[in-house]
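Undergrad: First, the structure itself, so that you have it in front of you.
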C-alpha cells in the first residue's frame, strides 16, 4: 500500500518539479516497505542529502494528505532496495540486442569478447589524469559532477543518455574522462570509447571509402560506453546523423551508457535533426556554467598546489575576480604567472601578477563595464537602455534590470553602492536583493539560467 502511495507521490513530484530536477533527484530513488516504514534508497550520499534537505517536507505532506495519521514513517538509505526493480519510473528499454559473453556490473552489460574494429586504441583516449578527485566542484558544476559520478558507478542506469552543455573550458571533457576512468576501474574489461564528434564523422567517411560500413556499425554498436564531445559538430552532416541515430538506439536498447557534450542546450543546436535532439533529452540534461568566484579561487589554489607553488590567498582572489569566463583561461593565466616567477626569481605578489598579466587584465577591464552590461542586457531582452535607469517595476523591465545588476556584481569590480548608482541611484540593498533573486531563479528556471549563461558568454567573448 505504502509503495503504491510512493508511486502516486512520484506523480505529484513530477508535476511540481522541473524535468531536470525530477530526473536528477527523484527518478534514481528506489522504495521498499520495512514494517511501518517506507525506505527510500538513494544511489549515493549526495543524492540522499539533497532529497532529504529539499524534498522531505513535500513527500511527508503528500503522505499526510493521503493517509492522515496512518501515513508511513520515512527513512533514507544508500544503495539499492533488496528486491526487484526500482519503483521510480524510468524510460522503457526496448529488447536488448544480442551479445556474446558478458560480465555484469551494476545494470550495465559489458562485452568482453568483441574486439575494436575501427581503432583498437580507442580506450587509450580516456585520459587517466582526469579524475573526480581533481575536479574542483562548485555551485556552477555541482549537478554535472553528481550526475557524472552516478553514471560512473551505475552506467546504463537512470541517467542515460547524460547530456552536458556549456561554454568552452568549463570542465565538460574532464567529467567525460572521469566517468570513463571510473567505469574502467570498476570493470577493466569494459570497452569505453571517448572521442570528438569529428572523429566519428572521419571514421564513418573512411568506412564508406573502404566499403566497410558494416564493420563500422558493428564496432560502434558493440561498445559498453560511448562518450562524444561537441556533438554540435554533427550539424548539417546528414549521413553522420543518420548513422549516429541508429548507433544511439542500439546502445540504449542494450542499456549501454551514452554521454554527450555540447556548447548549447540540445534544442538550440541548429542543423541537427529533431529526432536526434529529442533523444538527447531522454535521460538527463545538465548545464555546466562558468565558475563563480569561490570556485575560481579554488581552481587556482589547486592548480598552484599541483605545480608546487605557494599561491597567496590575496593573489588568487585578485586573479579570480578579473578572469571569469572559464577554467582554461584561469589555468593559462596562472601558468604564465608561474613561468614569469620562475624566470625572474621574484615572489608572486599582486603587483607581480598585475605586471605579468597586464595585457590580459587590460583586455578584460576594457570589455566588461556596467555600461556595457546594461547595453548588452537591454539589447538581449529588447528593452530600452533608459529602462535600466527608470523606476518602472513591470516584470518585463524589472527582471532584465535585476539580471544586469547580478551580472555587474559578478563581472565587474564595482561595489554594491557603485552598482546601485549606475542603475539610477538605487540603494545597495536593492542590488543585493536583485543578485539573490537572480541566483534563486537560475536554480528554478531553465530560461533564466540559459539567459544568464548566454549573456556571460557574450560579455566575456
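Along the chain as shown, the residues are counted starting at 1.
Glycine too: its Cβ is placed from the backbone N, Cα and C atoms.
Note that this is a predicted model, so its numbers are computed, not measured.
Grabbed the feature section from Swiss-Prot, which reads as follows:
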type	residues	note
BINDING	169, 171, 172, 173	ATP binding site
REGION	1-90	region 'Domain I, interacts with DnaA modulators'
REGION	91-124	region 'Domain II'
REGION	125-341	region 'Domain III, AAA+ region'
REGION	342-461	region 'Domain IV, binds dsDNA'
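On this model, are these features tucked inside or out on the surface, and what's nearby?
TA: Sequence-distant neighbours of residue 171 (ATP binding site): residues of the same chain at least 6 apart with a C-beta under 8 Å from its C-beta are 135, 141, 144, 288, 327. Under the DSSP three-state reduction, residue 171 (ATP binding site) is assigned to coil, being neither helix nor strand.
As a whole-number mean, the pLDDT of the region 'Domain I, interacts with DnaA modulators' (1-90) in this prediction is 77.
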Undergrad: Measure from the Cβ of residue 172 (ATP binding site) and count the other Cβ atoms within 10 Å, all protein chains considered.
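TA: I count 24 other Cβ atoms within 10 Å of it.
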Undergrad: Using DSSP, what's the helix, strand and coil tally for the region 'Domain I, interacts with DnaA modulators' (1-90)?
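TA: Residue counts in helix, strand and coil order: 48 helix, 17 strand, 25 coil.
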